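Chemist: Following this message is one structure expressed as structure tokens.
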């Protein structure tokens, strides 16, 4: 269904986000982009001023360059100092860590359907505490950071996903539509965070082909409808992009909530669509 050549673009963490910078999406009240990032191919190139020269500063996220869905490709670290930087094994991508209130917006795309759900993410990091932290920590360890301001359990209890402000729904729909056009793919997801430094700016930090849809509410019906539609369409090129209606959900959402279909569907009684 999807070209292997097109899928391959998402297997490289640099080329996958370049497509975001090429999107032409207008939003008067908000902006979007990607975090600053660079690639280390050779550990010898990492000098004392490496990050500064690349326009980055600690902490940074270290991700394997290859994103092929393997366990290795998901091993990510939060690096706090130069000692941690020297311990990394290239090739690896260094991505700017942006405080985002501990909430990530995961946007799943299934053909003409899109579903956005809110998930807990890494806690914010206070730069004043960097000197007291280890050289680097895995993402699972970061959630247990023992800082002055945040104990893990207390932090997440205070962070209420239900009350966290959503990105502009029109913006999410436009990004989803733009990525479909640019990548020519129909089964993927992208992760979005809100930049706490600029409240109305949103960053796409990752794009994955055929993600774990089992984590998406109501995935059985969505996938079944999609594949049935594929089998019954005369135009297998999916050239037409239709109207968008937007709903956003979270961990506690019902099965029919959180849907941003890019084509008309029969509305359930409890759905309140927002057209963009």
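From the backbone N, Cα and C atoms, a Cβ is placed for every residue, glycine too.
Pulled these from TrEMBL:
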BINDING   13, 63, 95-106, 121  ATP binding site
BINDING   74, 106, 208, 212  1D-myo-inositol 1,3,4-trisphosphate binding site
BINDING   191, 206  Mg(2+) 1 binding site
BINDING   206, 208  Mg(2+) 2 binding site
DOMAIN    30-229  domain 'Inositol 1,3,4-trisphosphate 5/6-kinase ATP-grasp'
Chemist: Could you tell me the mean pLDDT the prediction assigns to the domain 'Inositol 1,3,4-trisphosphate 5/6-kinase ATP-grasp' (30-229)?
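Modeler: A mean pLDDT of 86 is what the model gives the domain 'Inositol 1,3,4-trisphosphate 5/6-kinase ATP-grasp' (30-229).
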Chemist: Suppose we draw a 10 Å sphere around the Cβ of residue 13 (ATP binding site). How many other Cβ atoms does it contain, all chains included?
Modeler: 22
Chemist: Look up residue 99 (ATP binding site) in the DSSP assignment and report helix, strand or coil.
Modeler: coil
Chemist: Select the closest residue to residue 103 (ATP binding site) from the following binding-site residues, measuring between CA atoms: 74, 191, 206, 208, 212.
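Modeler: That would be 191, the closest of 74, 191, 206, 208, 212 to residue 103 (ATP binding site).
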Chemist: Would you please pick out, from the binding-site residues 101, 212, the one with the fewest other Cβ atoms within 10 Å of its Cβ?
Modeler: 212
Chemist: To the nearest whole angstrom, what is the C-alpha distance linking residue 97 (ATP binding site) and residue 206 (Mg(2+) 1 binding site)?
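Modeler: Rounded to the nearest whole number, the Cα-Cα distance is 13 Å.
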Chemist: Closest to residue 95 (ATP binding site): which of the binding-site residues 74, 106, 206, 212, going by Cα position?
Modeler: 206
